[in-house]
Structures are given as C-alpha cells and as structure tokens.
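Here is what Swiss-Prot records for this protein:
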- 152-226: region 'Disordered' (REGION)
- 53-73: transmembrane segment (TRANSMEM)
- 100-120: transmembrane segment (TRANSMEM)
- 126-146: transmembrane segment (TRANSMEM)
- 291-311: transmembrane segment (TRANSMEM)
- 322-342: transmembrane segment (TRANSMEM)
- 351-371: transmembrane segment (TRANSMEM)
Amino acid sequence: MSSFSYAEAGVIGALQGATELFPVSSLGHSVLVPALIGGRWAADLDVSAPESPYLAFIVAVHVATAAALIVAFRDDWRRIITGLAVSVRDRRVTTADGRLAWLIILGTVPVGIVGLLLEHPLRTHLGRPLPAAVFLTVNGMIMLLGERLRRRSTTRGAPGPAGYRDEHTMPIPRSAPVTGRRVGTRPASGPLVAHGSAPGSGPGNHSKAVTTETALPEAEDVTLPEAETALPEAETAARHADRRLAALPRLDALLVGVAQTAALAPGISRSGVTMIAGLSRGLSHLDAARFAFLLATPVILAAGLLKLPDLLGPLGDGVRGQTLFGAIVAGVVAYVSIRFLARWFETRTATPFAVYCLVAGALCVVRFGIF
C-alpha cells in the first residue's frame with residue numbers, strides 16, 4: 001500500500017481531534033472506524049501494521065492535537081514555563097505556577113517510561129478491532145464507576161486533597177504563595193468571586209460568590225499579585241484554577257500520571273482515565289478535565305515528535321499532502337473540542353461519554369467477535 005485518500009485523511013483527522021480530548025479514546029476510534037467501514041479503509045488504515053504510512057499520519061495528527069492544546073492554554077503554559085524556569089534558577093519552588101509545572105512533569109514520567117518500553121508491542125498486538133472494542137467497553141465501565149464513587153464521596157462530604165479548594169472556595173493553595181500585594185484578614189467590601197477553569201483566554205465565564213470569612217487564608221499564608229485585579233475575568237479564572245491544581249499533593253499528581261499509562265491500550269481514553277483519577281483524588285469535574293488537558297499536552301507532543309522521522313522518511317512518501325490536510329482538520333477540531341468540553345464540565349459530568357463507550361464498545365464486540 002502506497003497511500004490513502006484525502007477523504008480518509010479528513011475523517012480520521014476529525015476523529016483524532018475530537019476523540020483525543022473527549023473521553024472516548026482516539027486510538028480506539030482510529031482502529032474501529034476504518035474496520036467498520038471496511039474495504040479499502042480497513043486495508044489502508046491499519047494501526048497494527050508494523051510498517052504503514054498510516055503510522056506517519058497518526059504522528060502528524062497527534063502533533064496537531066498537541067498544538068491545539070498549546071494554543072488553547074497558551075497563557076497557562078506561558079505562566080507554567082516561566083514558573084518552572086524561576087524554580088530551576090532559584091533551586092526552590094516559590095510560586096503556584098512553578099509547583100504546577102513540577103506536578104505536570106511528575107505526572108508525565110510514568111507514561112513516558114511505559115510508553116517507550118511497551119508502545120510498539122501494545123499497538124501491534126492490541127491495535128485490532130476486537131481488543132479495541134473490549135477496551136472501549138472497559139473504558140466506559142471505568143468512567144461510570146469513577147462517576148459513581150465521586151457522587152458517593154460528594155454526598156458524604158468527603159474532603160478533597162490536603163490544601164486543595166474547589167471552585168466553590170477562594171482557589172489559592174497555602175503551599176504555593178505568590179508575591180505581590182498583601183491580603184489582610186479584614187473582610188472585603190463585597191464577596192469574592194471564584195471562577196472555574198478556562199483554557200487560555202478560556203470559555204468558562206460562570207462565577208460563584210463566596211465570603212472571605214470561610215474561604216480566604218490568613219495574611220501570613222498568602223499574597224496576591226498587584227496586577228491580578230486588573231486582569232480579564234477569564235484569565236483571572238484560569239489563574240485561580242491553576243492554583244487549585246498546584247495545591248495537589250505530589251502523590252496525587254503521580255497517581256493521575258500512572259492512570260494515564262492505561263491509555264496506551266487502544267480503546268482506553270487518556271483524558272477519560274486521567275479525569276477519573278483526578279476525581280478520585282478529590283478534584284472537581286472542571287479541574288480534573290483541566291489537569292487532564294495540561295497533562296496530556298507534553299505526552300502527545302513528545303510522542304509525535306519522537307516519531308517525526310517516520311513522517312519525514314520513507315513511510316511518509318506519497319502521503320504528505322493527505323497528512324498535512326488531516327493534521328489541519330485535527331487541529332481545528334481539537335481546538336473546538338477543548339472549548340466545548342471546558343463549558344461542558346462547568347455543569348455536567350462524564351456519564352454521557354461513559355454510556356457511549358459502553359454501548360459502542362459492546363456493539364463492536366458483537367460485530368467483530370461474532371460476525
């Protein structure tokens with residue numbers, strides 16, 4: 001096989017852009033959709049083949065998805081990278097952004113190690129329709145179980161991680177002070193407003209009023225930047241969300257990162273398992289989704305860049321035009337998906353996606369396991 005069509009590239013690019021971020025498994029859909037269509041699609045788009053132009057295409061759409069994540073969270077990544085650089089320079093973590101950067105690195109280590117060791121055998125042995133369908137069903141079960149446990153812990157009033165405060169409280173962790181204007185214990189003239197997460201300039205614009213008496217740490221614990229009160233509302237909300245995430249204990253961030261390794265199996269969603277892991281550690285749906293997106297960015301980008309030689313080498317011959325087209329489609333769809341999901345998780349859960357995975361996975365098990 002020497003190439004695949006632009007139609008195939010456009011459809012799979014759109015699927016990758018959406019399913020990488022929706023908790024429904026991009027790799028699973030990349031296996032199942034061509035197999036369901038059959039014919040030339042099944043022959044051209046076989047992810048389990050050891051030498052295939054489709055692998056070069058998958059590399060390109062992954063890089064495009066990572067680029068969309070970076071663009072959507074551009075302001076956040078600028079602060080996170082700056083915080084990391086400052087912490088390296090000073091040899092200690094003094095800001096919430098710096099601490100969040102190290103938590104992301106910590107959460108990336110497990111999937112980096114496991115991916116380097118097992119990505120190829122997992123893809124070649126499990127990248128077939130029936131295993132992908134089974135894992136897609138398992139993915140739905142995991143998300144349903146996670147949502148049920150989350151509801152149960154919320155009903156019982158179980159506390160979140162130490163130092164973590166969800167979007168219903170002033171989202172400034174005690175463990176990551178920032179420099180600037182001092183905040184006293186005297187109540188403010190009006191209620192403070194804490195917003196949910198928003199990617200970059202961010203779509204999240206719903207707010208909740210809270211009182212300083214119950215939510216604001218004492219003056220000796222935290223300071224606020226002078227310029228923060230003049231920031232746009234969405235950027236202030238994004239900073240607050242990052243501070244909540246920066247309050248996660250290191251072990252919790254590591255556990256979320258370990259959960260991400262399950263996504264190496266086709267059918268298991270990276271964003272889905274990391275979100276459920278975040279919920280299990282006490283994060284809100286909005287913050288769990290935000291952390292999943294931030295954690296996925298370096299992993300997806302690194303996976304794409306490591307295999308870029310495949311695209312530039314013989315595997316990419318004859319498909320570079322289709323690959324560029326598919327990558328553009330994937331990037332646009334991924335960006336739209338990020339903004340949609342940021343709004344979705346402000347008020348909703350992952351249950352509809354879990355039900356979809358259960359139904360679609362079960363039907364595909366019947367299709368490829370029996371017929």
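The backbone N, Cα and C atoms fix where each Cβ goes, glycine too.
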**Request:** Answer yes if the transmembrane segment (291-311) and the transmembrane segment (53-73) have at least three CB pairs under 8 Å among residue pairs 6 or more apart in sequence, and no otherwise.
**Result:** yes
**Prompt:** Hey, would you say the transmembrane segment (53-73) packs against the transmembrane segment (126-146), going by three or more CB pairs under 8 A that are 6+ residues apart?
**Reply:** no
**Asked** For the transmembrane segment (126-146), what are the same-chain contacts with Cβ under 8 Å, counting residues 6+ beyond its ends?
**Response** 23-25, 27-28, 31-32, 35, 46-48, 265-269, 272-273, 275-277, 279-280, 350-351, 353-362, 364-365, 367-369
**Item:** Spatial neighbours of the transmembrane segment (100-120) far in sequence, C-beta under 8 Å, 6+ residues away
**Value:** 80-81, 83-84, 87, 93, 242, 245-246, 248, 250, 253-254, 256-258, 260-261, 263-264, 294-295, 298-299, 302-303
